[in-house]
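TrEMBL has this to say about the protein:
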DOMAIN    438-543  domain 'Clp1 N-terminal'
BINDING   GLU443, LYS487, ASP576, THR577, GLY578, LYS579, THR580, SER581  ATP binding site
REGION    541-568  region 'Disordered'
COMPBIAS  541-563  compositional bias 'Low complexity'
DOMAIN    788-890  domain 'Clp1 C-terminal'
Amino acid sequence: MIGNKALPKSKDLMPYSFAVAGHDGTLCDQDGVLFIKPCTQQEIDFYETANKDHQQFADLMPTYMGTLSLNEATEVSSINEQLPAVADHISEEMKEHVIRDAKAAAAEVVKPKDNIRWQPNKNRKIATSKSVVLENAAYGYSHPNILDAKLGSRLWADDAPLEKRQRFDEISRQTTNGSHGFRIAGMRVYKGSENPEELDSQGYKIYDKDYGRLQVTPDNVVDEMRKFIFNSSAGVDEDLGRAVASVFVENLKRVERVLANEESRMYSASLLFTFEGDGEALRAAIEKENAMASAATSQTEETTEEMNARIAEKIVDSQPGRTATRVDSGIVLDDEGQMVLATAEGEFKDIEAVISGQDLRLSPTEEKVLHFDLEDEDSDDDEFPKIFSLKLIDFAHAEWTPGQGPDENCLKGVRSLIKIFEELSHGLTASTTRTIALQPLWEWRFEVPHSNTSSSGITVRLVSGSAERDGTELALNKVYTFGSGCKSKLLTWHGCTLEVTDNTTGTGGGLEDYVAQSSTAEETPQVSYLNLHFALQAQRQTAATGTGRQTHQQQGQQQQQRAKGGPRVMVCGPQDTGKTSLCRTLVALATRMGSQPVMVNVDPREGLLSLPGTLSAAVYGAIMDVEEPACGFGVGSTPSSGPSAVPVKLPMVYYYGRERVDDDLPFWKELTGCLGTVVRQKMEEDEQARSAGLILDTPAVTVGGKTTIEMLAHAVREFSVDIVVVLGSARLNAELQSRLNQEHGENAVTVLMLDKSEGVAERDVGWMQFTREAAIKEYFFGDSKRTLSPFTQSVGFDELVIFKAPEESEYLDTREQTLGRAEMSQEMSHWTLAVMNASVNDPPDKIRRAPVMGFISIADVDEDRRRLKFLSPVSGRLGNRPLVWGRWPEPYINLLG
């Protein structure tokens, strides 16, 4: 494997013959595994910083092995003792080898001379004494096709002389760098011509730098790019070519996401496209990978210890599609020999089905097989077939630029390449990009159809002005992705321009969207929501510090407000009135003002930072995730072992285990009381939370229902609510105001009625089920931005203690029922169980009211062998922690296949 590859001696190096662009003088070892590139210290620093501090960016680069020292351009004489720089991700054995060789063969570094006046480098050799040692992107292929796409319309760095700037600007203007943000810097295609005289000794047609500068134009760039992939002479037919183009689309989108989230500047950097150019070898590689996956699925069952040990010892491999944390796209064959696209997010698509507008997913078990190396760790790296690669290269003029936003210069080229490869894939995830101009107070409302494909969705970029989603602002020029099933809106107070790209592939139709125009403040309820925020913020400020010079009476009122704390707001209303959206808005606006309110959810149908079927609360003290379907309220905002786009939230969660409050009102009241106690304790201990108050989201109610007012009145008591916001129901407003006046006295609790937004989306039963299933899958496997790797464990029946919630019955009083020990059976397969923060020896009532530590999903129950297999987000035994099997959410039968 490359991690165990020893660095070569100078006598063993040879010229690298697969370079299609860039400077001369590149070298490789005799077996072609390593690539040695002369470079400047700036490029070395960029590689090392990326691997240390920007892991997602580093995943786009060739694997960085370390540095070598040169005393002349293109001639390696020794390893420099002063530069034993080795990437952190290389094995300890590799590091020791580099340092040992560095000490054994040190040589003095010759510093390059400074050039005062720029002169073109006609011999194409870079004057440097340093080089980087990288993974060879062309290694492992039979006959690799390689294309170098130089990114950016601006090609010069800030320190470039004026003459160089003018020269490069002219090149950009005359080529597709100016129009598309990239140009073909070089290309080599196996059997790229039927005329043998046009092929080199290895059978390649070479396209040099003049090809991209003189022959490729904005009008023919798609046709010229087509020559790189489609080649009947080499056996890459139309179907195979479309499959290759489609995997490059998936990976280019990944590059776009990473660059949009990084702050860097790269001038004359390139994307290096590589794939197996021999059609027969390409099909053989696909078949071999498919056979290896099939063999892996037939392995005997491992014990928990064996599986955890194996997964823990996995080494990040350079082969696409073979790791849980660095996942590229790949092509595999299904059982019937059909090509299947495996995306960077862990999804699988039938090529023909997707092209025709359908969508087919492999089971998550098959996904896991294809994304983990299940061979023995001593197996050779060349056993894994090489199919394709996409790497970001050439960082001679690259630097990290904190605070300056993403590199829009490079992103322009990446987005153009996405569109071109989409066209080459003949409509696969065919996207359309359009610009939407919004005037002040307008909203752009959209609904993304459901799809089992993670890449299906839309991307939105704020081109100018300002806009927000449920109170959280969008950053200028950042690309946001809203995935399958997302129903939401973007509001602008001062006007904005949006760039929207539609990649939807849902079976229920495409993107549905429209612009809601409001000419005055009276025409939109968003103004009243904003006014409510300002009123609440004034109370928070008073509760925190008080304000200015006041009369004696006003000072007394302020002292009462400070003693009481910040506002405690409950939002209620019928189904689909925008309750949760208003809660998100109020919380987001408060955090933007520096407050840290407590958000509470007592609606079991929609979990807050947890799965459905729970009641929860959390302190919000930082920005929320705009891209998340729940906009910062979903499980994606909770902690995991990987990096997070926004600060994570730590919720307190209680497991209700039923769909509706009416299913077990007494138990719901108990848990609400437990949650209310925890929130009071938090506010007593945390001054910032106390002064910020809380926002309480409640279940949708049926106006006139027999338990509606009782449920809401109970929530008011448990959380000491002093402001109640009623959305969209005058009758509920009147009934609730009458009840609260009787219980708490006149004006003790302020009841406000606000209009619901006309843009509130209706959520039918199918949509709600899709949302629940997506939340469960995201909890265990992550989403398109963050891939998680859950652990599959197999245990005996006697190693777990599972309690089952009492059955619903109109003839039994649920107050007299409690948890009972569950018998292991097939019935519990595919259910999600709560892991309780209690002991198996505790009384059942105490276990039922205990907080939740996490969740597991039952994959299979083998009654004959008395063993149970389950999926867990962490490794290790559950110990004496009891599990609770509720009645909600319903089993998700497709989680593990």
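Glycine is no exception: its Cβ is also placed from the backbone N, Cα and C atoms.
Features per TrEMBL, on structure.
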residue : record           : DSSP (3 states)
GLU443  : ATP binding site : strand
LYS487  : ATP binding site : strand
ASP576  : ATP binding site : coil
SER581  : ATP binding site : helix
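Considering only the binding-site residues THR577, THR580, the Cβ with the fewest other Cβ atoms within 10 Å is that of THR580. Among GLU443, LYS487, ASP576, THR577, GLY578, LYS579, THR580, SER581, the residues given in the record as binding ATP, the maximal Cα to Cα distance rounds to 18 Å. Considering only the binding-site residues GLU443, ASP576, the Cβ with the fewest other Cβ atoms within 10 Å is that of ASP576.
Taking Cβ-Cβ distances under 8 Å and a sequence gap of 6 or more within the same chain, the neighbours of LYS579 (ATP binding site) are VAL571, CYS572, GLY573, ASP697, THR698, ALA700, LEU727. Under 8 Å, Cβ to Cβ, and six or more positions away along its own chain, SER581 (ATP binding site) finds ASP470, SER757, VAL760.
Here GLY578 (ATP binding site) comes close to LEU727, GLY728, LYS756, SER757, VAL760: these same-chain residues lie at least six apart in sequence, with C-beta atoms under 8 angstroms from its C-beta. Secondary structure of the domain 'Clp1 C-terminal' (788-890), assigned with DSSP and counted as helix (H, G, I), strand (E, B) and coil, comes to 14 helix, 37 strand, 52 coil.
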